[in-house]
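These notes concern the structure reproduced below.
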Amino acid sequence: MQKMIAKLILSSPRSSVGALTMPELHTTKPPSGDGSTGGSFPTRLLLMVLVPLALLAGLTAVCYWTPLDLITTRHFFSEGHNPFPFRETLLANLIYDYGPIPAIALFVISASTLLFSFVVPRLRPMRKGALFCTLAILIGPGILINSVLKPNWGRPRPCDIVAFGGTQNYVPPGTIGPYELAKSFPSGHASMGFVFMLPAFLLLGKRNKLAAAIFGVGFLMGCGVGASRIAEGGHFLSDIAWSGAIVYFTGLALYLALYGWDNVARSASKQAETSVDTIPFARPSRETEPRKTSAA
C-alpha cells in the first residue's frame, strides 16, 4: 500500500514535491548602446560648455570688479629703470622667441597630412582629424586672437599703464580700450600653448583617459607661457584666461561641426554600456539563462 501511494504522488503533475523545486532565475539585459542610455550625453555636453563658461565669466567678473589683474602683475613689478626684471632673463627670451614653434609645427604637420591624404591612401583615415587640427589652429589663434581681437581691442599692456611706469590708463577686462596700438587682449603667445589641448577632442569616447591627459598637458603649456608673459609685463591674468577659452571653444565648435552631436551621443552611450558590463552579475550567466524544454 505504501509503495502505491508513493507512486501516485510522484506521478502527479501537481505534486507538492514539484512545488518545492527552485524556480529558474531570469535576468533582464541592460539597455543597448542605441542612445537610450544617453542620459549622460546632454550632461556631458552641458559640462563641456557650461563649466568653462562659468569659470571664464567668474574670473572675468572678479578681474573687472576687483584689482586682481593689477595685484597679479604687481608681484613681478619692480620700481626703477627695469620695472619687469624677468623680461631680461634667458628663459623669458626663449619662451617669447621659440614658444610658438611647437604650435606652428603642429599646424604644418596637420595641414600636410590633410593635403597628402588625398594622394596617399594610408593617410585617408587621418583626414578628418588633420582637418580639425588645421582649422582649429587657423581659426582660433590665427584669426580670432591674432588677427581680429588683438589688433582692435585697444587694451594696453601692463608695462604701458601708469600703475607700472607707463603712460596709458588701465582698461578692465571686457572693455574695449581707446588705444589704437594697444595689444594686450588676448594673449597670442599663450594661445600657442593652449592649442595642444585640441588633439584631446579627437580621442573623446575612444580613449578618454588619454584625452584627459593630453588636455591637461595643453592646458599647462598655455598656463606656463601665459605666466611668463604676465611676469614680463606683457599681459594680464584675464588676457591669458580668455586666450585659453577662445582656443577651447573654437575646438569644441569645430568638433561638433565635423563629428556631430550623434558622435558624442554614441560615445556617451558606449561608455554607459561599458560601465554596466563591469558590474558583477549585470549580465545573465549561462547558469541563470532559462532552460529550453524539448518538444518531446
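Glycine is treated like the rest: Cβ placed from N, Cα and C.
Listed in TrEMBL:
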type: TRANSMEM; residues: 45-67; note: transmembrane segment
type: TRANSMEM; residues: 101-120; note: transmembrane segment
type: TRANSMEM; residues: 129-149; note: transmembrane segment
type: DOMAIN; residues: 130-255; note: domain 'Phosphatidic acid phosphatase type 2/haloperoxidase'
type: TRANSMEM; residues: 188-205; note: transmembrane segment
type: TRANSMEM; residues: 210-228; note: transmembrane segment
type: TRANSMEM; residues: 240-261; note: transmembrane segment
type: REGION; residues: 274-296; note: region 'Disordered'
type: COMPBIAS; residues: 284-296; note: compositional bias 'Basic and acidic residues'
At an 8 Å Cβ cut-off, counting only pairs 6 or more apart in sequence, do the transmembrane segment (188-205) and the transmembrane segment (45-67) clear the bar of 3 or more pairs?
no
Apart from its near flanks, which chain residues at least 6 from the ends of the transmembrane segment (210-228) lie with a Cβ under 8 angstroms of it?
86, 91-92, 95-96, 99, 187, 189-204, 235, 239-240, 243-244, 247
Mean predicted confidence [pLDDT] for the domain 'Phosphatidic acid phosphatase type 2/haloperoxidase' (130-255):
96
